[in-house]
Amino acid sequence: MAVRKKQELELEISDIAFGGKGLAKVDGFAIFVDQAVPSDRVRVRITRKKKNYAEARIIEMIAPSPLRIDPPCRYSGYCGGCKWQFLDYDTQLHYKQRHVAESLEHIGLIEGVPVHAPVPSEKIFGYRNKMEFSCSDRRWLMPDELGREEISMGFAIGLHVPGTFHKVLDTEACLIQPELGNAILGDVREYIRASDRPVYGLRTHEGFWRFLMLRHSVAYDQWMVNIITSAEDRAAVQPLADRLTEKYPDIISVVNNITARKAGIAVGESEIRLAGAPVIRDKIGPYEFEISANSFFQTNTRGAARLYDIVKQYAELTGNETVFDLYCGTGTISICLSDAARDVIGIELAESSVADARKNCERNNISNCRFISGDIKDCLEGVGVTPDVMVIDPPRVGMHKDVVRQVLEIGPERIVYVSCNPATLARDLAMIKDAYQVLEVTPVDMFPHTWHIESVAKLRKK
Ligand SMILES: C[S@@+](CC[C@H](N)C(=O)[O-])C[C@H]1O[C@@H](n2cnc3c(N)ncnc32)[C@H](O)[C@@H]1O
């Protein structure tokens, strides 16, 4: 049967594909269905038709899968934050593990590698230490909000509808941040709505209030509030900072980032401190890290500790090794390995992260880590030291092929590859598998209710 765009079909979902979409086959032709799970019986409309596959969205749920649960969040299915809340957590982990294993087999053509059950997130709600809520002059209405006259369409502060830049829900509460974050969000909403300065229009690029970013320190249960505006106007933002710090003693930092850029990124070209400290501090294991509004820090603090424990275990350090930490960010892995290695050399592109890494070493009295700022493909060969172990934690796109070549030339005894993308993990391991045996892989779940999964692979030189 030929599948056409806009066609309506009744389907039985047989599997979950990469990206978290349900998969159904019609005479062998693949149809990816948004928000569907295996064993759902659904009526769908085809939204996109390509040569080898089509995409569809559900227009009627005929018989829901027994895998479905009632999601605790009212925005589930509409909010881009969590796409899998309607699957119970064990099922999410099952599909994440399978996805890593299948990527290795199908993309990397690497067979027989044990892929362990994922290390679960200690908390599956309230786990995110950083949230970004967008302001908008257009509110995206939930089905139960349609037609209610008391609801103003011209204001929203919240999370985006999946894959959109301009559709913002007026999110009352987000369950993946700690509870106090929702109280703060409520106060900020009330203040902005009553303010005489307009919210930012995501299409017009006019307006003042742009984003609210909240950061939480797990170790000290303290908060940073970062208000992002399109212009500097202290009189408009200071009363909000005063009100928040007076009401919530756990808010120890309020800053105002100012950005005139059109891009929807909550990073300012300048920053004003409105109340308290310019940073918050958090801990991973015994180490303390200073986090400013724009620093990179893993968003699931407890998950990061588990991830780094596995990195340390796979590195098999005895105290005599030189370790390279490639793509080291703010040096968190280097620092967590520092007590078990002779020395650690981190390489990172973002200069501000390297500066943070150096400060974090000082803060923790660590003297055996050093950091090089630059593009790894340009500076790896020039380090002039041969490492015993390389930890490689690249961004989603994986390693540049010049980096792969240099890693093979340097040839450390052991490699620990940390990845947030099973597809590029498999591709990169395939490029080094003639020289390195992949011994085992442990997925670590840092992002419950999403299909994202981190993995740590242990490799030994053949
Ligand atoms: C997944 S993060 C790793 C962060 C760190 N290992 C951690 O656990 O916090 C990837 C890092 O690679 C850096 N990066 C991206 N491309 C790079 C390149 N070509 N050379 C060096 N660093 C790069 C990014 O700035 C980012 O900090």
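Note that Cβ sites are derived from N, Cα and C of the backbone, with glycine treated the same way.
In TrEMBL this protein carries:
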- 2-60: domain 'TRAM' (DOMAIN)
- Gln298, Tyr327, Glu348, Asp393: S-adenosyl-L-methionine binding site (BINDING)
- Cys420: active site (ACT_SITE)
- Cys420: active site, nucleophile (ACT_SITE)
Largest tally of Cβ atoms lying within 10 Å of a Cβ, found at which of the binding-site residues Glu348, Asp393:
Glu348
Neighbour count, 10 Å Cβ-Cβ cut-off, for the residue listed as 'active site': what number do you get?
17
What is the three-state DSSP composition of the domain 'TRAM' (2-60), stated as helix, strand and coil residue counts?
0 helix, 35 strand, 24 coil
Give me the long-range Cβ neighbours of Gln298 (S-adenosyl-L-methionine binding site): same chain, 6+ apart, Cβ under 8 Å, in sequence order.
Ile284, Ala304, Leu307, Thr332, Met446
If you compare CA-to-CA distances from the residue listed as 'active site' to each of the binding-site residues Tyr327, Glu348, Asp393, which comes out shortest?
Asp393
Other than Gln298, Tyr327, Glu348, Asp393, which residues of the same chain sit close to S-adenosyl-L-methionine? List them in sequence order, counting a residue when its Cβ is within 8 Å of the Cβ centroid of the site.
Phe296, Asp325, Cys328, Gly329, Thr332, Ile333, Pro394, Val418
Using DSSP, would you call Glu348 (S-adenosyl-L-methionine binding site) helix, strand or coil?
strand
Could you tell me the mean pLDDT over the domain 'TRAM' (2-60), as a whole number?
92
Can you count the other CB atoms that lie within 10 A of the CB of Tyr327 (S-adenosyl-L-methionine binding site)?
20
Across the record's S-adenosyl-L-methionine-binding residues Gln298, Tyr327, Glu348, Asp393, the largest CA-CA distance in angstrom?
16
